[in-house]
Amino acid sequence: MGDESPHKKLEDNNNTLTPSTVDEDILKKQKEIDDWLPITSSRNAKWWYAAFHNVTAMVGAGVLSLPSAMSHLGWGPGVVILILSWLITLYTLWQMVEMHEMVPGKRFDRYHELGQHAFGEKLGLYIVVPQQLICEVGVDIVYMVTGGKSLEKIHSLVAPHKHIKTTYFIMIFASVHFILAHLPNFNSISGVSLAAAVMSLTYSTIAWTASVHKGVQSHVEYGYKASTATGTVFNFLTALGDVAFAYAGHNVVLEIQATIPSTPEKPSKGPMWRGVVIAYIVVALCYFPVALIGYYMFGNNVEENILISLEKPTWLIVAANMFVVIHVIGSYQLYAMPVFDMIETVLVKNMHFRPTRTLRFIVRNFYVAATMFVAITFPFFGGLLGFFGGFAFAPTTYFLPCIMWLAIYKPKKFSLSWCTNWICIILGLLLMTLSPIGGLRNIIINAKDYHFYS
């Protein structure tokens with residue numbers, strides 16, 4: 001008895017189990033779970049899926065606040081920050097696409113898996129998961145508010161004499177997600193995502209073409225709006241957060257790439273990068289005209305959401321708001337999918353729940369209800385953008401990929417790669433520390449006059 005080695009065959013009810021069959025069973029179970037989880041269940045996406053998923057992830061309702069951000073930044077700093085953000089985020093996105101399969105035979109399907117490879121099993125989780133969750137859950141809450149407020153705007157234009165609380169419009173918007181949240185994985189939401197990407201391009205085009213049609217307003221001014229120096233500084237910081245929020249697609253980029261098939265001869269980074277380049281061209285077509293033309297036409301009197309500045313023609317503004325609603329429906333799902341994946345992974349792998357439809361039904365309905373409740377409780381849109389934008393998006397978008405790149409590839413000191421990454425890290429850190437200050441101040445100012453569930 002005592003000299004039996006653990007590698008001897010194990011007797012179990014007349015079944016002989018060898019270590020290899022035990023390993024096979026574990027692998028089989030692991031594969032079943034992976035085939036059930038939303039990120040890894042389907043790997044047959046095409047490159048154009050990557051293009052419109054990235055457009056949907058990147059071009060959010062944030063684009064409509066860019067003219068307002070420009071009015072707080074001013075022409076010089078505004079243009080520089082817009083272009084710099086576009087270039088830096090394209091570079092960090094390229095890094096993430098490259099790092100997805102840098103270990104032969106392994107794919108980093110989730111942002112935190114890459115973090116664990118760069119910083120170690122535990123530290124990687126602690127660094128990436130909280131930030132990624134703040135981003136994704138934050139975006140979903142902000143989109144609940146955006147969807148609700150856009151529906152409210154449509155209603156106020158179509159039936160101006162009837163007043164309905166914002167709360168109810170947020171609930172109406174959420175009702176769609178109680179259904180869509182049950183689509184199992186990324187590829188199953190590709191239709192929703194394509195519609196969202198088309199809508200984002202459409203409402204961005206409406207925003208700047210309608211501004212051109214309206215023409216430069218009389219008494220237009222381009223100076224800073226705030227009456228005090230303190231106000232100007234705080235507004236500038238908030239605007240930085242708005243710009244950071246406008247480039248927030250990195251949180252789901254590895255998860256999108258995970259859906260693309262990959263072989264040693266044809267790695268997934270080829271089609272993924274093609275999709276990213278197309279997406280970034282679309283992003284430029286959406287962002288730059290809206291930000292620059294919107295600010296040029298309305299000056300510092302531009303509203304927080306440019307569609308509010310464009311009151312006429314009514315039918316066009318109603319259409320644009322409807323497109324915003326359709327777009328944020330798609331974006332909500334895109335950002336919710338990695339959160340569903342995280343929750344379901346913990347429940348199935350760590351807590352050993354059975355991967356069933358009932359489990360998925362409960363988890364996803366609870367998540368939609370929770371984001372809806374927070375959105376109803378705190379519906380101050382601009383301040384939320386500035387706060388979340390700086391606090392959470394700056395790290396995951398602007399400098400975390402650079403830190404991972406330095407940790408993994410270890411480029412030579414003062415080489416081009418080393419310098420570029422450090423510049424991005426310094427700029428990202430500045431963005432992370434400065435912009436939440438402005439966003440928090442705006443939330444406090446708005447909260448003074450706000451009555452819960454009014």
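Heads up, the Cβ atoms here are built off N, Cα and C, so glycines get one too.
The compositional bias 'Basic and acidic residues' annotation in TrEMBL covers 1-12. Annotation source TrEMBL lists domain 'Amino acid transporter transmembrane' at 44-438. Annotated region 'Disordered' per TrEMBL: 1-23, in sequence order. Marked as transmembrane segment by TrEMBL: 47-66, 73-94, 166-183, 189-210, 276-298, 318-340, 361-381, 387-409, 421-444.
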Task: Intrachain residues whose Cβ lies under 8 Å of the transmembrane segment (189-210), provided they are six or more past its termini - done: 45, 49, 51-53, 55-56, 59-60, 63-64, 180, 183, 282, 285-287, 289-290, 293-294, 306-307, 310, 316-317, 319-320, 323-324, 326-331, 333-334, 337
Task: Beyond the flanks of the transmembrane segment (47-66) by at least 6 residues, Cβ under 8 Å - done: 82, 139, 142-143, 146, 150, 186-187, 190, 193-194, 196-198, 200-201, 203-204, 207, 242-243, 245-249, 251-253, 256-257, 259-260, 270-272, 274-276, 278-280, 282-283, 286-287, 290-291, 294, 304-307, 324, 327-328, 330-331, 334-335, 382, 385, 389
Open item on the list: Which range wins on Cβ pairs under 8 Å with the transmembrane segment (361-381): 73-94, 166-183, 276-298?
Closed with: 166-183
- [ ] Could you name the stretch, out of 73-94, 166-183, 276-298, 318-340, with the greatest number of CB pairs under 8 A to the transmembrane segment (387-409)?
- [x] 73-94
Open item on the list: Considering only Cβ pairs within less than 8 angstroms, which of the stretches 73-94, 166-183, 276-298 has the most against the transmembrane segment (318-340)?
Closed with: 166-183
